[in-house]
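What follows is a short report on a single structure.
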């Protein structure tokens with residue numbers, strides 16, 4: 001064993017001193033720059049060079065503003081106006097129909113999208129094989145955008161056949177979710193998910209357009225805000241009942257079976273409503289003729 005001499009001991013001491021110096025400089029270098037940046041930010045944030053000139057400019061002839069403080073609006077009056085607008089908007093039957101489908105389908109869509117990764121993990125665990133979940137999400141979004149672009153070329157009377165189309169496509173969504181749940185093949189699950197998202201993105205675009213067509217621009221925020229609130233409230237309730245442990249806490253496959261039934265129920269409701277609407281619409285032109293025949297006889 002070699003005994004360290006004076007030179008080696010001095011080298012070791014120098015190395016230890018350099019390490020101590022480096023470690024001693026680290027805290028000062030770590031806090032100095034962020035502190036300086038924060039100080040500079042606080043200084044420049046409070047620096048307002050245009051403020052002395054801003055008030056005379058706004059009160060001048062260019063903007064013609066006044067210093068008189070406007071009274072605050074009455075809250076009860078604001079709520080009354082909102083409630084009246086709400087009643088006026090949803091008294092329109094086409095708007096109510098499209099809004100109901102918008103809220104119900106968005107609730108189901110969020111549930112499927114939020115928990116589909118868990119279903120795919122059960123069908124094909126990621127630790128056993130390569131998965132393409134991100135690619136499927138990207139492809140479904142791209143194809144959905146193409147479908148949304150192509151919907152402008154569809155020539156159909158949505159006022160007459162809109163509810164029947166909502167029923168048909170809701171049934172297709174239910175079938176896609178059911179196939180994704182029952183078939184134990186990951187590629188079939190991927191394909192069903194792509195179909196599900198394409199149909200939803202197609203219909204939600206049509207529904208948004210039909211709702212906006214029956215509204216004035218000032219009421220867009222009210223109606224779409226109410227529709228979104230109802231959709232999120234329904235999603236919260238559905239999650240609490242089906243998914244949460246304090247509710248039923250069902251397995252992922254049973255959850256998707258319920259989601260498929262949920263969309264099937266939407267399809268049945270709109271099928272019945274659409275059939276009644278079409279029968280009423282095609283009976284109206286016949287009523288004047290029948291009444292005139294009765295009077296002449």
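Placed from the backbone N, Cα and C atoms, the Cβ positions cover glycine too.
What TrEMBL says about this one:
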TRANSMEM  130-154  transmembrane segment
TRANSMEM  166-188  transmembrane segment
TRANSMEM  194-213  transmembrane segment
TRANSMEM  220-243  transmembrane segment
TRANSMEM  255-276  transmembrane segment
Other than its close neighbours in sequence, what residues sit by the transmembrane segment (255-276), given a CB gap under 8 Å and a spacing of at least six beyond its ends?
97, 101, 104-105, 108, 111-112, 115, 119, 161-164, 166-168, 170-171, 173-175, 177-178, 180-182, 238, 242-243
Using a cut-off of under 8 Å between C-beta atoms, tell me which stretch among 166-188, 194-213, 220-243 contacts the transmembrane segment (130-154) the most.
194-213
By a Cβ-Cβ criterion of under 8 Å, what residues six or more beyond either terminus of the transmembrane segment (220-243) are in contact with it?
82, 85-86, 89-90, 95, 99, 102-104, 106-107, 110-111, 115, 208, 211-212, 249-250, 255, 258, 262
Under an 8 Å Cβ to Cβ limit, what residues of the same chain, 6 or more beyond the ends of the transmembrane segment (166-188), are close to it?
101, 105, 108, 112, 116, 119-120, 123-124, 131, 195-196, 199-200, 202-203, 207, 253, 256-257, 259-264, 266-271, 274
Near the transmembrane segment (194-213) in space but 6 or more residues beyond its ends, with Cβ under 8 Å, are 94-95, 98-99, 101-102, 105-106, 109, 112-113, 136, 139-141, 143-145, 147-148, 151, 158, 162, 165-166, 169, 172-173, 176-177, 180, 220, 223-224, 227
